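Report on one structure; see the data block that follows.
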Amino acid sequence: SVTEHFNVYKATRPYXXXCADCGDGYFCYSPVAIEKIRDEASDGMLKIQVSAQIGLDKAGTHAHTKLRYMAGHDVQESKRDSLRVYTSAACSIHGTMGHFIVAHCPPGDYLKVSFEDADSHVKACKVQYKHNPLPVGREKFVVRPHFGVELPCTSYQLTTAPTDEEIDMHTPPDIPDRTLLSQTAGNVKITAGGRTIRYNCTWGRDNVGTTSTDKTINACKIDQCHAAVTSHDKWQFTSPFVPRADQTARKGKVHVPFPLTNVTCRVPLARAPDVTYGKKEVTLRLHPDHPTLFSYRSLGAEPHPYEEWVDKFSERIIPVTEEGXEYQWGNNPPVRLWAXLTTEGKPHGWPHEIIQYYYGLYPAATIAAVSGXSLMALLTLAATCCMLATARRKCLTPYALTPGAVVPLTLGLXXCAPRANA
């Protein structure tokens, strides 16, 4: 049961640890110090480890509505409902157990955890943390849709059952407390108040030791004494933000709840684009409801991939070759296209129809062939004209040199001979 899962905390206690910003921009020893923030989940969920213990009352008994924290040298409890997690805005807390919180948070540049103590004072810790989760899939949506498509993703499983991952617990350090010392007529009085006090004075007699009752160090001053509360009946997390105890060996362990697991996430499906097919190209009209990824690539030896985030109505023209092209719009499945060898004209029709047919299939070769044939025709025409002029001249020259000669009618017609003048 869940209560049994919390039994591992019976031998532990919360603690106060160093926090650089306790919510007001100043350093303090916070009862809700942030130890670690984990963001391995692809669905954007965070797992946060803090110094307070959630789901336990002051005595260490499982109580879902409580959290316990260290106030000075004593453990106190408060309401779990006062627990808050923030980035740029409030986070949604999905689960808590002991030192751990799992929550979904909006993007932000910091993370803050706070609660109200037994006296209704806000206790907090704030750390610099860049939270900008990548979207699941290819669409940057804000609200998970009712309908869409399920994609594989990872998330923190909301279970408090034991796992293979653990955190180390060790003996708490002695906590210095100058308020335990008071000056009385040249003597230093140590007020135990029911606690075990370790003291060390550099002056006077019987000046080093431990005591659980009030004690006076004669002929001494407060500045010459050091007093600390020592309590080793419980363990606490081995934190880098807490002074280490004299006994540094691991004393116990607590399992880390909410393991990372493979799940599916529902994501939106972008509206299908309007498609217009052209000659070796396709025109897409895109209507995104939110920033949506558009990408395409060639299916040939060189894919030349291209992608962009589209956040407003856009029109894109992509080339389609015989080797094929593939485009994908948002979370829709990819679409593959190939250019078909279609053309106009007729392969066995009139010359202009033949040229039109082959131009559609092989434009460069057709232009070269037509240009070559046209050039040959022009050269042939020029040569023919030259030969005809030469033949005419040779045919008419004898008659031109003979006085009174008459050009025969047939030759005159073939050589376009001028009429004779009287």
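The chain as shown is numbered from 1 upward.
Placement of Cβ uses the backbone N, Cα and C atoms for every residue, glycine included.
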Between the candidate ranges 17-37, 101-121, 395-415, where does Swiss-Prot place the region 'Transient transmembrane before p62-6K protein processing' annotation?
395-415
Suppose you look only at the topological domain 'Extracellular' (1-359); what would the mean pLDDT be?
90
If I take the alpha carbons of C385 (S-palmitoyl cysteine) and N262 (N-linked glycosylation site), what is the distance between them in whole Å?
86
Within 10 Å of N262 (N-linked glycosylation site) by C-alpha distance: pick out those among the recorded positions N200, C395, C416, and say none if nothing qualifies.
none
Whole-number Å distance between the CA of C395 (S-palmitoyl cysteine) and the CA of N200 (N-linked glycosylation site)?
143
Measuring Cα to Cα, how many angstrom lie between N200 (N-linked glycosylation site) and C416 (S-palmitoyl cysteine)?
140
